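TrEMBL lists 101-126 with the feature region 'Disordered'. If you look up TrEMBL, you'll see 308-326, 333-352, 372-389, 396-418, 424-446, 458-478, 516-536 marked as transmembrane segment.
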Amino acid sequence: MSTAALIEQAKAGDADAIAQLLTQAFAKQGITVTAERQSYRLVLHLVGKPLPDQSRVVATIRRGIQRLQIDTIGVVQIHCTLTDQPGIGWQDTIALLGTESDEPPVTAADSPPQPSAAKPSRHSPAAATAIPATFVDEAFATLGITSDATAQEVDEAYFHRRAELLSQGDRGTIAQLKTAHALLKRHLQPSPTAASEEAASESTAVDLGAFVQLLRSHGLDGTARVKDDRLQIQLKPAAAKNPNRAAASVYTLLAQQDLKALGLTQITQVEVYGLVSAQKVGWKRQVPLPPPASKDDTDVLSFNNRHVSAIVFPTLMLLGIFMNALPLVNAMLFGVKIWFHEFGHAIIAWLAGRRAIPLPIGWTNVDLERSLFVYFGILILLGLLFWVGRREGKRWPMVLAVVLAVIQFWFTWLLPAYRFETLLSFGGIGGELYLCTLLMVSFFFPLPEYFRWDFYRYPVVVGAAFTFWGQFGLWQQINRGQASIPWGSLWGGESSGDMNNLSAAGWSDQQIINTYSTLSHLCLWVLLGVYLYFAVRQNRHAIFALTQRWLAQR
């Protein structure tokens with residue numbers, strides 16, 4: 001589609017057209033933009049690497065939207081994240097209601113909006129004067145709101161009233177409405193010039209002299225300059241003998257500094273050049289910028305908290321092992337293991353379309369006849385889980401729902417009755433292994449907000465770890481001949497129990513031992529695999545920083 005056609009669609013408020021124009025504007029920075037409309041709000045999702053400077057991006061978007069002069073957009077919400085780490089980013093909001101652009105309307109001949117310095121506001125503090133109370137009251141009446149309304153309520157009332165007038169074709173009243181809104185904005189908000197001056201005073205000029213001195217103090221004699229958004233460092237021959245070590249030293253140095261204090265917050269790329277003579281470049285390295293601090297790392301409920309993934313999870317595992325080593329704790333919390341055991345039976349029955357009621361007394365009532373009510377009831381619940389996961393953009397509940405639905409169909413309609421009874425007996429101790437493993441693996445995956453899994457995953461994983469490590473240790477002892485198979489049950493005596501039922505079904509003692517021992521090891525490998533994946537994935541920047549520090553010290 002041509003640029004002219006995109007501009008016309010963007011003027012009409014088309015979110016996709018606006019996103020394409022902004023993507024073109026940010027092409028040099030490697031930023032991709034998607035957009036969606038929510039009534040009078042335009043929500044922009046920006047993804048790029050490295051993370052772009054917030055002030056420059058917001059200024060560019062404000063400039064571009066104002067030049068399009070879109071009547072149907074009043075508020076622009078911006079969400080900017082890193083390409084490979086959605087938890088790192090920033091958010092901002094641009095209020096366009098009642099504002100007028102300082103730029104001429106964009107035409108087909110114009111290029112997409114490019115970053116530029118924001119122009120000073122037309123309303124200076126000296127020009128601001130007190131607004132007569134009569135005018136203020138009339139403005140509130142024009143918008144149809146009370147005098148105690150907030151600035152946000154003024155914006156919403158203005159836009160809704162404006163939309164009504166546009167739909168009715170009454171453009172004559174819009175000018176009066178716009179004047180009332182602008183007057184109330186001046187009445188309720190401070191001068192924009194003051195805000196811009198405050199923001200300007202907070203910005204720090206690039207102090208390359210201090211940065212060069214910093215380089216020299218670390219044995220990196222050279223020069224530095226800023227070109228566009230790139231920091232270019234030229235190292236003299238004495239400091240450029242080992243390219244990898246020099247680049248690692250620069251990265252380590254940047255990671256230890258406050259880039260804002262050096263005025264380098266606008267930098268998106270670092271280039272290091274090694275000189276072999278006064279005028280000849282021997283090598284070039286691109287050094288990634290250290291990622292900014294993430295709020296997720298201070299939020300223990302965040303699934304993107306790298307400390308929780310790398311440290312807290314194994315700590316919970318060790319806590320489960322320690323609890324099993326204390327006889328008093330093991331005895332007091334024995335009921336937790338019973339619950340997991342009985343739910344292991346019940347889940348097999350439910351997935352096979354049978355009625356089952358797990359009881360915390362070491363017993364589960366199971367009806368061996370298939371029930372369409374149970375089958376379709378579970379299927380509907382799985383469908384709801386999939387739907388909620390899709391609505392909230394969470395893949396783990398969607399995957400769980402699909403996998404469990406397939407298993408449910410197999411268990412209900414394809415599994416012979418005698419195999420179901422064997423599987424039902426196997427599922428008690430099996431549930432203490434695979435069910436606990438599933439819950440512990442789910443520690444890393446968000447579930448629908450209704451479950452508040454971000455909080456409850458901690459106590460659930462402690463209970464699951466306590467149960468899992470108890471059974472894991474037991475079957476390793478049995479496999480080594482240090483313990484015997486747990487025959488019998490709490491209520492049926494030594495002659496009746498899950499292991500007795502498996503033996504009656506033709507399982508030998510060694511087959512029982514090998515099956516549970518193999519299952520426990522398989523669950524352990526799954527736990528280790530998932531843990532290492534998330535620990536490395538969410539801490540790759542820290543791992544990279546450690547390797548660079550090691551290279552710099554060689």
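Using N, Cα and C of the backbone, Cβ positions are placed for all residues, glycine too.
Those TrEMBL annotations? Automatic predictions, nothing curated.
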In the same chain, residues at least 6 away from the ends of the transmembrane segment (396-418) whose Cβ sits under 8 Å of its Cβ atoms read 348, 351-353, 368, 370, 375, 378-379, 382-383, 385-386, 388-390, 442, 445-448, 505
With the cut-off at Cβ under 8 Å and a gap of six or more residues from its ends, the chain residues touching the transmembrane segment (372-389) are 350-351, 353-355, 395-398, 400-402, 404-405, 408, 412, 447-448, 450
Tertiary contacts of the transmembrane segment (458-478), defined by C-beta under 8 angstroms and 6+ residue spacing from its ends, are 313, 316-317, 319-321, 323-324, 330, 333, 336-337, 340, 429, 432-433, 435-437, 439-440, 443, 484-486, 513, 516-517, 520, 523-524
In the same chain, residues at least 6 away from the ends of the transmembrane segment (424-446) whose Cβ sits under 8 Å of its Cβ atoms read 303, 309, 313, 316-317, 337, 340-345, 347-349, 352, 366, 394-396, 453-454, 457, 460-461, 464-465, 467-468, 470-472, 486, 498, 501-502, 505, 515-516, 519-520, 523, 526-527, 530-531, 534
